[in-house]
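J.: Mind having a look at this structure? Questions to follow.
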2 protein chains.
Amino acid sequence: MTLRIAEIFGPTVQGEGALIGEPTVFIRAGGCDYRCSWCDSLHAVESQYRHDWAAMSDEAVWDEVLRLSDGQPLTVSLSGGNPAIQDFGPVIARGRAAGYRFACETQGSVARPWFAELDTLVLSPKPPSSGEVVNWPNFDECLKAGAAARQMVMKIVIFDQADYDWAKQVHGRYPDLPLYLQPGNPEVDPATPIDPQSLIDRLAWLTDTAMADRWFAPRILPQLHVLLWGNKRGV
Amino acid sequence: MTLRIAEIFGPTVQGEGALIGEPTVFIRAGGCDYRCSWCDSLHAVESQYRHDWAAMSDEAVWDEVLRLSDGQPLTVSLSGGNPAIQDFGPVIARGRAAGYRFACETQGSVARPWFAELDTLVLSPKPPSSGEVVNWPNFDECLKAGAAARQMVMKIVIFDQADYDWAKQVHGRYPDLPLYLQPGNPEVDPATPIDPQSLIDRLAWLTDTAMADRWFAPRILPQLHVLLWGNKRGV
(Lines of atoms letter the chains of each structure in order from A and count residues from 1; the text may use other names and numbers.)
(Lines give C-alpha, C1' and ligand atoms only; values in the text may rest on other atoms or scores of the structure.)
Protein backbone atom coordinates (compact mmCIF):
# COMPACT_ATOMS: atom_id res chain seq x y z
CA MET A 1 0.00 0.00 0.00
CA THR A 2 1.32 3.43 -0.93
CA LEU A 3 1.47 6.45 1.37
CA ARG A 4 1.78 10.04 0.23
CA ILE A 5 4.54 11.61 2.33
CA ALA A 6 5.45 15.30 2.32
CA GLU A 7 8.54 14.86 4.50
CA ILE A 8 10.14 12.65 7.12
CA PHE A 9 12.56 14.49 9.41
CA GLY A 10 14.28 14.45 12.76
CA PRO A 11 15.18 13.46 15.32
CA THR A 12 14.40 16.80 16.90
CA VAL A 13 12.34 17.81 19.92
CA GLN A 14 8.57 18.06 19.70
CA GLY A 15 7.86 21.78 19.90
CA GLU A 16 4.27 21.85 21.12
CA GLY A 17 1.46 20.18 23.01
CA ALA A 18 1.39 17.25 25.38
CA LEU A 19 4.73 15.83 24.23
CA ILE A 20 6.59 19.14 24.17
CA GLY A 21 10.32 18.57 24.54
CA GLU A 22 10.17 14.91 23.52
CA PRO A 23 12.77 13.67 21.00
CA THR A 24 10.78 12.79 17.92
CA VAL A 25 10.98 11.77 14.29
CA PHE A 26 8.17 13.36 12.29
CA ILE A 27 6.32 11.73 9.41
CA ARG A 28 4.43 14.49 7.66
CA ALA A 29 1.66 13.06 5.51
CA GLY A 30 0.67 14.82 2.30
CA GLY A 31 -2.96 15.82 1.82
CA CYS A 32 -5.66 17.35 3.98
CA ASP A 33 -9.44 17.56 4.07
CA TYR A 34 -9.20 21.07 5.62
CA ARG A 35 -7.72 24.34 4.40
CA CYS A 36 -7.24 26.47 7.52
CA SER A 37 -6.74 30.17 6.82
CA TRP A 38 -3.53 30.25 8.84
CA CYS A 39 -2.17 26.77 7.97
CA ASP A 40 1.58 26.59 8.64
CA SER A 41 2.09 23.43 6.58
CA LEU A 42 0.67 24.32 3.17
CA HIS A 43 3.42 22.29 1.51
CA ALA A 44 1.65 19.23 2.96
CA VAL A 45 -1.88 20.48 2.26
CA GLU A 46 -2.30 22.32 -1.03
CA SER A 47 -2.78 20.04 -4.01
CA GLN A 48 -0.44 22.24 -6.07
CA TYR A 49 2.38 20.65 -4.04
CA ARG A 50 1.17 17.07 -4.52
CA HIS A 51 3.89 16.29 -7.06
CA ASP A 52 6.43 16.96 -4.31
CA TRP A 53 4.90 14.26 -2.09
CA ALA A 54 6.73 10.94 -2.27
CA ALA A 55 4.74 7.78 -2.92
CA MET A 56 6.22 5.38 -0.40
CA SER A 57 5.44 1.88 0.81
CA ASP A 58 5.00 1.44 4.55
CA GLU A 59 8.29 -0.46 4.50
CA ALA A 60 10.09 2.47 2.84
CA VAL A 61 8.60 4.90 5.36
CA TRP A 62 9.71 2.71 8.22
CA ASP A 63 13.22 2.26 6.78
CA GLU A 64 13.62 6.04 6.68
CA VAL A 65 12.57 6.38 10.35
CA LEU A 66 15.06 3.66 11.26
CA ARG A 67 17.82 5.41 9.32
CA LEU A 68 17.16 8.81 10.92
CA SER A 69 17.03 7.38 14.44
CA ASP A 70 19.93 4.93 13.96
CA GLY A 71 17.49 2.22 15.02
CA GLN A 72 17.20 3.62 18.53
CA PRO A 73 13.57 3.68 19.67
CA LEU A 74 11.97 7.06 20.21
CA THR A 75 8.63 8.74 19.58
CA VAL A 76 7.39 8.94 15.98
CA SER A 77 4.83 11.67 15.32
CA LEU A 78 2.35 11.36 12.46
CA SER A 79 1.39 14.83 11.30
CA GLY A 80 0.36 16.52 8.09
CA GLY A 81 -1.78 17.59 6.44
CA ASN A 82 -4.21 15.21 8.04
CA PRO A 83 -2.54 11.82 8.56
CA ALA A 84 -5.94 10.25 9.26
CA ILE A 85 -6.96 10.35 5.61
CA GLN A 86 -4.39 7.60 4.98
CA ASP A 87 -3.76 4.20 6.55
CA PHE A 88 -0.77 4.41 8.87
CA GLY A 89 -1.66 1.13 10.61
CA PRO A 90 1.11 -0.88 8.88
CA VAL A 91 3.80 1.73 9.72
CA ILE A 92 2.68 1.77 13.36
CA ALA A 93 2.74 -2.03 13.51
CA ARG A 94 6.32 -2.12 12.20
CA GLY A 95 7.43 0.57 14.64
CA ARG A 96 5.78 -0.86 17.71
CA ALA A 97 7.36 -4.23 17.01
CA ALA A 98 10.73 -2.42 17.20
CA GLY A 99 9.92 -0.63 20.48
CA TYR A 100 9.07 2.79 19.01
CA ARG A 101 6.21 4.91 20.36
CA PHE A 102 3.68 6.68 18.15
CA ALA A 103 1.82 9.95 18.37
CA CYS A 104 -0.65 11.32 15.85
CA GLU A 105 -1.99 14.83 15.44
CA THR A 106 -5.25 15.24 13.56
CA GLN A 107 -8.14 17.69 13.52
CA GLY A 108 -10.59 14.91 14.35
CA SER A 109 -12.50 14.83 11.07
CA VAL A 110 -11.74 11.20 10.12
CA ALA A 111 -11.64 8.27 12.57
CA ARG A 112 -9.24 5.37 12.06
CA PRO A 113 -9.00 1.97 13.79
CA TRP A 114 -5.24 2.50 14.18
CA PHE A 115 -5.89 5.36 16.62
CA ALA A 116 -6.19 2.56 19.20
CA GLU A 117 -2.55 1.57 18.57
CA LEU A 118 -1.18 5.04 19.41
CA ASP A 119 0.66 6.11 22.52
CA THR A 120 -0.69 9.64 22.11
CA LEU A 121 -3.63 10.84 20.04
CA VAL A 122 -3.83 14.62 19.76
CA LEU A 123 -7.19 15.89 18.52
CA SER A 124 -7.00 19.51 17.33
CA PRO A 125 -10.44 20.84 16.49
CA LYS A 126 -10.03 24.05 14.53
CA PRO A 127 -11.38 27.31 16.00
CA PRO A 128 -13.40 29.98 14.16
CA SER A 129 -10.34 31.89 12.94
CA SER A 130 -9.40 28.87 10.81
CA GLY A 131 -12.44 29.35 8.57
CA GLU A 132 -13.26 25.65 9.04
CA VAL A 133 -16.31 24.25 10.83
CA VAL A 134 -15.98 21.19 13.06
CA ASN A 135 -18.18 18.19 12.32
CA TRP A 136 -18.81 17.06 15.91
CA PRO A 137 -20.28 13.64 15.13
CA ASN A 138 -17.05 12.87 13.22
CA PHE A 139 -15.01 14.22 16.12
CA ASP A 140 -16.90 11.95 18.51
CA GLU A 141 -16.07 8.99 16.24
CA CYS A 142 -12.39 9.91 16.60
CA LEU A 143 -12.75 9.95 20.39
CA LYS A 144 -14.27 6.46 20.27
CA ALA A 145 -11.55 5.16 17.96
CA GLY A 146 -8.84 6.62 20.21
CA ALA A 147 -10.30 5.42 23.51
CA ALA A 148 -7.74 2.59 23.68
CA ALA A 149 -4.75 4.86 22.99
CA ARG A 150 -2.39 5.25 25.93
CA GLN A 151 -3.28 8.92 26.17
CA MET A 152 -5.68 11.15 24.28
CA VAL A 153 -5.60 14.93 24.52
CA MET A 154 -7.13 17.95 22.82
CA LYS A 155 -5.17 20.93 21.49
CA ILE A 156 -6.70 24.18 20.32
CA VAL A 157 -4.87 27.00 18.57
CA ILE A 158 -5.96 30.46 19.74
CA PHE A 159 -5.60 33.54 17.55
CA ASP A 160 -8.10 35.88 19.20
CA GLN A 161 -10.80 36.32 21.82
CA ALA A 162 -13.41 34.53 19.67
CA ASP A 163 -11.15 31.46 19.48
CA TYR A 164 -10.63 31.63 23.24
CA ASP A 165 -14.38 31.76 23.93
CA TRP A 166 -14.92 28.86 21.53
CA ALA A 167 -12.23 26.79 23.28
CA LYS A 168 -14.05 27.25 26.59
CA GLN A 169 -17.26 25.97 25.03
CA VAL A 170 -15.48 22.97 23.55
CA HIS A 171 -13.91 22.21 26.92
CA GLY A 172 -17.39 22.31 28.41
CA ARG A 173 -18.38 19.61 25.96
CA TYR A 174 -15.32 17.42 26.73
CA PRO A 175 -14.36 18.31 30.31
CA ASP A 176 -12.41 15.10 30.89
CA LEU A 177 -10.16 15.43 27.84
CA PRO A 178 -6.85 17.10 28.86
CA LEU A 179 -6.70 20.40 27.00
CA TYR A 180 -3.71 22.30 25.62
CA LEU A 181 -4.00 25.86 24.30
CA GLN A 182 -1.44 27.28 21.92
CA PRO A 183 -1.17 30.86 20.66
CA GLY A 184 -1.47 31.08 16.89
CA ASN A 185 1.45 32.04 14.67
CA PRO A 186 0.33 34.42 11.91
CA GLU A 187 3.75 34.37 10.21
CA VAL A 188 3.85 31.14 8.25
CA ASP A 189 6.01 32.07 5.27
CA PRO A 190 9.27 30.04 5.53
CA ALA A 191 11.10 32.98 3.95
CA THR A 192 9.99 35.49 6.63
CA PRO A 193 12.24 35.69 9.70
CA ILE A 194 10.44 35.15 12.99
CA ASP A 195 10.29 37.88 15.61
CA PRO A 196 10.67 35.97 18.90
CA GLN A 197 9.25 38.88 20.86
CA SER A 198 5.98 38.82 18.94
CA LEU A 199 5.57 35.09 19.65
CA ILE A 200 6.37 35.72 23.30
CA ASP A 201 3.82 38.57 23.38
CA ARG A 202 1.12 36.27 21.98
CA LEU A 203 1.88 33.66 24.65
CA ALA A 204 1.76 36.35 27.34
CA TRP A 205 -1.62 37.56 26.07
CA LEU A 206 -3.11 34.07 26.12
CA THR A 207 -1.69 33.33 29.56
CA ASP A 208 -2.92 36.62 30.99
CA THR A 209 -6.37 36.14 29.45
CA ALA A 210 -6.86 32.68 30.94
CA MET A 211 -5.46 33.60 34.36
CA ALA A 212 -7.57 36.77 34.62
CA ASP A 213 -10.56 34.66 33.60
CA ARG A 214 -9.67 32.12 36.32
CA TRP A 215 -9.77 29.36 33.69
CA PHE A 216 -7.27 26.91 35.12
CA ALA A 217 -8.22 23.79 33.15
CA PRO A 218 -5.98 24.10 30.07
CA ARG A 219 -2.23 23.96 29.86
CA ILE A 220 -0.87 26.86 27.81
CA LEU A 221 2.20 26.31 25.65
CA PRO A 222 3.99 28.04 22.79
CA GLN A 223 5.44 26.46 19.65
CA LEU A 224 9.05 26.04 20.74
CA HIS A 225 10.19 24.97 17.28
CA VAL A 226 9.09 28.32 15.85
CA LEU A 227 11.07 30.12 18.55
CA LEU A 228 14.06 27.89 17.82
CA TRP A 229 14.01 27.64 14.08
CA GLY A 230 11.40 30.05 12.71
CA ASN A 231 9.24 28.54 10.00
CA LYS A 232 12.05 26.52 8.44
CA ARG A 233 11.05 23.06 7.25
CA GLY A 234 12.60 19.80 8.36
CA VAL A 235 13.57 20.79 11.88
CA MET B 1 3.64 25.42 63.29
CA THR B 2 5.32 28.30 61.50
CA LEU B 3 6.59 28.24 57.92
CA ARG B 4 9.17 30.62 56.50
CA ILE B 5 7.78 31.87 53.20
CA ALA B 6 9.71 34.02 50.70
CA GLU B 7 6.70 34.64 48.44
CA ILE B 8 3.34 33.25 47.36
CA PHE B 9 2.30 34.27 43.85
CA GLY B 10 0.14 33.41 40.90
CA PRO B 11 -1.89 32.06 39.34
CA THR B 12 0.44 31.93 36.37
CA VAL B 13 1.61 29.12 34.13
CA GLN B 14 4.38 26.79 35.25
CA GLY B 15 7.35 27.69 33.07
CA GLU B 16 9.44 24.53 33.18
CA GLY B 17 9.62 20.78 33.60
CA ALA B 18 6.96 18.10 33.64
CA LEU B 19 4.10 20.50 34.37
CA ILE B 20 5.14 23.16 31.87
CA GLY B 21 2.14 25.25 30.84
CA GLU B 22 0.03 24.26 33.86
CA PRO B 23 -1.82 27.05 35.71
CA THR B 24 -0.17 27.21 39.11
CA VAL B 25 0.06 29.12 42.36
CA PHE B 26 3.62 29.06 43.70
CA ILE B 27 4.59 28.87 47.35
CA ARG B 28 8.26 29.76 47.53
CA ALA B 29 9.75 28.59 50.81
CA GLY B 30 12.56 30.58 52.41
CA GLY B 31 15.81 28.80 53.23
CA CYS B 32 18.02 26.26 51.49
CA ASP B 33 20.66 23.71 52.39
CA TYR B 34 22.44 24.39 49.07
CA ARG B 35 24.04 27.47 47.54
CA CYS B 36 24.27 26.77 43.82
CA SER B 37 26.67 29.04 41.95
CA TRP B 38 23.99 30.04 39.45
CA CYS B 39 20.97 30.08 41.82
CA ASP B 40 18.14 32.15 40.32
CA SER B 41 16.23 32.46 43.62
CA LEU B 42 18.80 33.91 46.01
CA HIS B 43 16.06 35.96 47.67
CA ALA B 44 14.74 32.65 48.97
CA VAL B 45 18.14 31.15 49.75
CA GLU B 46 20.64 33.61 51.18
CA SER B 47 20.28 34.15 54.91
CA GLN B 48 20.83 37.88 54.41
CA TYR B 49 17.26 37.94 53.05
CA ARG B 50 15.76 35.94 55.92
CA HIS B 51 14.16 39.00 57.47
CA ASP B 52 12.10 39.35 54.28
CA TRP B 53 10.64 35.87 54.75
CA ALA B 54 7.21 35.87 56.35
CA ALA B 55 6.58 33.62 59.34
CA MET B 56 3.20 32.13 58.50
CA SER B 57 0.98 29.43 59.94
CA ASP B 58 -0.14 26.67 57.56
CA GLU B 59 -3.62 28.20 57.79
CA ALA B 60 -2.33 31.62 56.72
CA VAL B 61 -0.40 30.08 53.81
CA TRP B 62 -3.47 28.21 52.71
CA ASP B 63 -5.70 31.29 53.00
CA GLU B 64 -3.37 33.17 50.68
CA VAL B 65 -3.51 30.38 48.06
CA LEU B 66 -7.32 30.42 48.31
CA ARG B 67 -7.38 34.18 47.88
CA LEU B 68 -5.09 34.18 44.83
CA SER B 69 -7.02 31.37 43.13
CA ASP B 70 -10.48 32.63 44.12
CA GLY B 71 -11.03 29.21 45.69
CA GLN B 72 -10.92 27.47 42.32
CA PRO B 73 -8.78 24.33 42.51
CA LEU B 74 -5.55 24.29 40.52
CA THR B 75 -1.98 23.09 40.96
CA VAL B 76 0.03 24.49 43.85
CA SER B 77 3.80 24.26 43.45
CA LEU B 78 6.08 24.17 46.48
CA SER B 79 9.44 25.62 45.52
CA GLY B 80 12.23 27.53 47.19
CA GLY B 81 14.86 27.51 48.40
CA ASN B 82 14.40 23.92 49.36
CA PRO B 83 10.81 23.37 50.54
CA ALA B 84 11.81 19.99 51.96
CA ILE B 85 13.65 21.52 54.90
CA GLN B 86 10.23 22.54 56.27
CA ASP B 87 7.04 20.62 56.98
CA PHE B 88 4.48 21.36 54.27
CA GLY B 89 2.34 18.36 55.21
CA PRO B 90 -0.38 20.48 56.91
CA VAL B 91 -0.64 22.86 53.91
CA ILE B 92 -0.93 19.91 51.54
CA ALA B 93 -3.61 18.31 53.70
CA ARG B 94 -5.69 21.51 53.67
CA GLY B 95 -5.32 21.89 49.91
CA ARG B 96 -6.08 18.31 48.99
CA ALA B 97 -9.23 18.44 51.07
CA ALA B 98 -10.31 21.37 48.86
CA GLY B 99 -9.51 19.57 45.59
CA TYR B 100 -6.18 21.28 44.85
CA ARG B 101 -3.21 19.39 43.40
CA PHE B 102 0.34 19.71 44.71
CA ALA B 103 3.75 19.65 43.12
CA CYS B 104 7.07 20.05 44.87
CA GLU B 105 10.48 20.82 43.45
CA THR B 106 13.50 19.90 45.54
CA GLN B 107 17.12 18.94 44.95
CA GLY B 108 16.61 15.63 46.75
CA SER B 109 18.80 16.27 49.77
CA VAL B 110 16.08 15.89 52.45
CA ALA B 111 13.30 13.27 52.37
CA ARG B 112 9.87 14.03 53.81
CA PRO B 113 6.88 11.74 54.52
CA TRP B 114 4.61 14.30 52.80
CA PHE B 115 6.29 13.55 49.45
CA ALA B 116 3.81 10.64 49.32
CA GLU B 117 0.89 13.11 49.31
CA LEU B 118 2.09 14.97 46.19
CA ASP B 119 0.69 14.77 42.70
CA THR B 120 4.12 15.54 41.26
CA LEU B 121 7.51 15.29 42.94
CA VAL B 122 10.31 16.86 40.91
CA LEU B 123 13.78 15.83 42.05
CA SER B 124 16.47 18.15 40.70
CA PRO B 125 19.94 16.86 41.52
CA LYS B 126 22.43 19.65 40.91
CA PRO B 127 25.13 19.15 38.24
CA PRO B 128 28.85 19.97 38.60
CA SER B 129 28.46 23.59 37.45
CA SER B 130 26.39 24.28 40.58
CA GLY B 131 29.41 23.76 42.84
CA GLU B 132 27.29 21.40 44.97
CA VAL B 133 27.86 17.66 45.38
CA VAL B 134 24.88 15.29 45.47
CA ASN B 135 24.52 13.00 48.48
CA TRP B 136 23.13 9.95 46.69
CA PRO B 137 21.99 8.01 49.76
CA ASN B 138 19.87 11.05 50.71
CA PHE B 139 18.59 11.25 47.14
CA ASP B 140 17.59 7.59 47.30
CA GLU B 141 15.69 8.31 50.51
CA CYS B 142 13.74 10.98 48.62
CA LEU B 143 12.90 8.47 45.90
CA LYS B 144 11.57 6.08 48.53
CA ALA B 145 9.54 8.80 50.23
CA GLY B 146 8.06 9.89 46.90
CA ALA B 147 7.26 6.42 45.60
CA ALA B 148 3.56 6.90 46.43
CA ALA B 149 3.31 10.29 44.69
CA ARG B 150 1.14 10.28 41.58
CA GLN B 151 4.18 11.04 39.45
CA MET B 152 7.85 11.44 40.21
CA VAL B 153 10.31 12.89 37.73
CA MET B 154 13.89 14.12 37.60
CA LYS B 155 15.00 17.46 36.21
CA ILE B 156 18.60 18.46 35.56
CA VAL B 157 19.80 21.93 34.62
CA ILE B 158 22.56 21.88 31.99
CA PHE B 159 25.07 24.70 31.64
CA ASP B 160 27.85 22.96 29.74
CA GLN B 161 29.18 19.72 28.32
CA ALA B 162 30.33 18.50 31.75
CA ASP B 163 26.79 18.89 33.10
CA TYR B 164 25.45 17.05 30.06
CA ASP B 165 27.84 14.13 30.56
CA TRP B 166 26.93 14.02 34.26
CA ALA B 167 23.20 13.95 33.44
CA LYS B 168 23.75 10.90 31.23
CA GLN B 169 25.49 9.12 34.09
CA VAL B 170 22.69 10.01 36.50
CA HIS B 171 20.12 8.74 34.00
CA GLY B 172 22.09 5.48 33.85
CA ARG B 173 21.62 5.19 37.60
CA TYR B 174 17.86 5.93 37.45
CA PRO B 175 16.78 4.79 33.98
CA ASP B 176 13.10 4.47 34.91
CA LEU B 177 12.72 7.99 36.30
CA PRO B 178 11.35 10.30 33.57
CA LEU B 179 14.05 12.89 32.91
CA TYR B 180 13.75 16.55 31.90
CA LEU B 181 16.77 18.60 30.82
CA GLN B 182 16.73 22.37 30.98
CA PRO B 183 19.37 24.77 29.65
CA GLY B 184 20.81 26.94 32.42
CA ASN B 185 20.16 30.65 32.60
CA PRO B 186 23.34 32.53 33.54
CA GLU B 187 21.53 35.89 33.79
CA VAL B 188 19.82 35.79 37.16
CA ASP B 189 19.88 39.45 38.16
CA PRO B 190 16.25 40.71 38.25
CA ALA B 191 17.51 44.12 37.09
CA THR B 192 19.19 42.76 33.93
CA PRO B 193 16.92 42.51 30.88
CA ILE B 194 16.79 39.07 29.31
CA ASP B 195 17.97 38.51 25.75
CA PRO B 196 15.44 35.99 24.37
CA GLN B 197 17.81 35.03 21.57
CA SER B 198 20.52 33.94 24.00
CA LEU B 199 18.04 31.70 25.85
CA ILE B 200 16.86 30.28 22.53
CA ASP B 201 20.48 29.67 21.50
CA ARG B 202 21.13 27.73 24.72
CA LEU B 203 18.06 25.57 24.11
CA ALA B 204 19.18 24.95 20.53
CA TRP B 205 22.65 23.92 21.72
CA LEU B 206 21.25 21.44 24.24
CA THR B 207 18.78 20.03 21.72
CA ASP B 208 21.45 19.66 19.03
CA THR B 209 23.87 18.05 21.48
CA ALA B 210 21.39 15.40 22.62
CA MET B 211 20.07 14.66 19.11
CA ALA B 212 23.59 14.36 17.62
CA ASP B 213 24.45 12.07 20.53
CA ARG B 214 21.30 9.99 19.80
CA TRP B 215 20.26 10.38 23.44
CA PHE B 216 16.49 10.24 23.13
CA ALA B 217 15.58 9.51 26.77
CA PRO B 218 15.19 13.03 28.19
CA ARG B 219 12.64 15.66 27.33
CA ILE B 220 14.32 19.02 26.70
CA LEU B 221 12.53 22.19 27.72
CA PRO B 222 13.35 25.85 28.28
CA GLN B 223 12.23 28.10 31.12
CA LEU B 224 9.20 29.72 29.51
CA HIS B 225 8.73 32.15 32.37
CA VAL B 226 12.16 33.64 31.72
CA LEU B 227 11.27 34.10 28.05
CA LEU B 228 7.98 35.68 29.07
CA TRP B 229 8.96 37.81 32.01
CA GLY B 230 12.76 37.82 32.30
CA ASN B 231 13.97 37.36 35.84
CA LYS B 232 11.16 39.39 37.41
CA ARG B 233 9.83 38.02 40.67
CA GLY B 234 6.24 37.09 41.37
CA VAL B 235 5.25 35.97 37.87
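Cβ atoms are placed via backbone N, Cα and C, with glycine included.
Keep in mind that TrEMBL annotations are predicted by a computer and have not been checked by a curator.
Found this in TrEMBL, in case it helps:
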- A:V13, A:Q14, A:G15, A:R28, A:S79: substrate binding site (BINDING)
- A:19-231: domain 'Radical SAM core' (DOMAIN)
- A:C32, A:C36, A:C39: [4Fe-4S] cluster binding site (BINDING)
- A:W38, A:C39, A:D40, A:G81, A:S124, A:P125, A:K126: S-adenosyl-L-methionine binding site (BINDING)
- A:S41: Mg(2+) binding site (BINDING)
J.: Cβ within 8 Å of the [4Fe-4S] cluster site centroid (A:C32, A:C36, A:C39 excluded): which residues?
T.: A:Y34, A:R35, A:S41, A:L42, A:V45, A:G81, A:S130, A:E132
J.: Quick one: pull the CA-CA distance for A:D40 (S-adenosyl-L-methionine binding site) versus A:V13 (substrate binding site), whole Å only.
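T.: About 18 Å separate the Cα atoms of these two residues.
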J.: Work through the binding-site residues one by one (A:C39, A:S41, A:G81, A:S124) and name whichever has its CA nearest to the CA of A:R28 (substrate binding site).
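T.: Minimum Cα distance from A:R28 (substrate binding site) across A:C39, A:S41, A:G81, A:S124 lands on A:G81.
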J.: Given binding-site residues A:V13, A:G15, A:R28, A:C36, A:S41, A:S79, which are under 8 Å from chain B when comparing Cβ atoms?
T.: A:V13
J.: How many Å lie between the Cα of A:Q14 (substrate binding site) and the Cα of A:S41 (Mg(2+) binding site)?
T.: 16
J.: Nearest to A:V13 (substrate binding site) by Cα, among A:W38, A:C39, A:P125 (binding-site residues)?
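T.: Spatially nearest to A:V13 (substrate binding site) by Cα position is A:C39.
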J.: Restricting to the chain of A:S79 (substrate binding site) and a gap of 6 or more, list residues whose Cβ falls under 8 Å of its Cβ, or answer none.
T.: A:F26, A:I27, A:R28, A:A29, A:S41, A:A44, A:C104, A:E105
J.: Given A:G15 (substrate binding site) and A:C39 ([4Fe-4S] cluster binding site), what distance in Å do their CA atoms have, once rounded to a whole number?
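T.: Taking the Cα atoms only, A:G15 (substrate binding site) lies 16 Å from A:C39 ([4Fe-4S] cluster binding site).
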J.: Non-local Cβ contacts of A:C39 ([4Fe-4S] cluster binding site) (under 8 Å, 6 or more apart, same chain)?
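T.: The list for A:C39 ([4Fe-4S] cluster binding site) reads A:C32, A:V45, A:V188, given in order along the sequence.
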J.: Other than its own, how many Cβ atoms are within 10 Å of the Cβ belonging to A:R28 (substrate binding site)?
T.: 21
J.: So which binding-site residues are near A:C36 ([4Fe-4S] cluster binding site), with CA atoms within 10 Å, out of A:S124, A:P125, A:K126?
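T.: Correct set: A:K126.
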J.: Would you identify which of the binding-site residues A:G15, A:G81, A:P125 has the most other C-beta atoms lying within 10 angstroms of its C-beta?
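T.: It comes out as A:G81.
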J.: Between the binding-site residues A:V13, A:C36, whose Cβ has more other Cβ atoms within 10 Å than any of the rest?
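T.: Most Cβ neighbours within 10 Å: A:V13.
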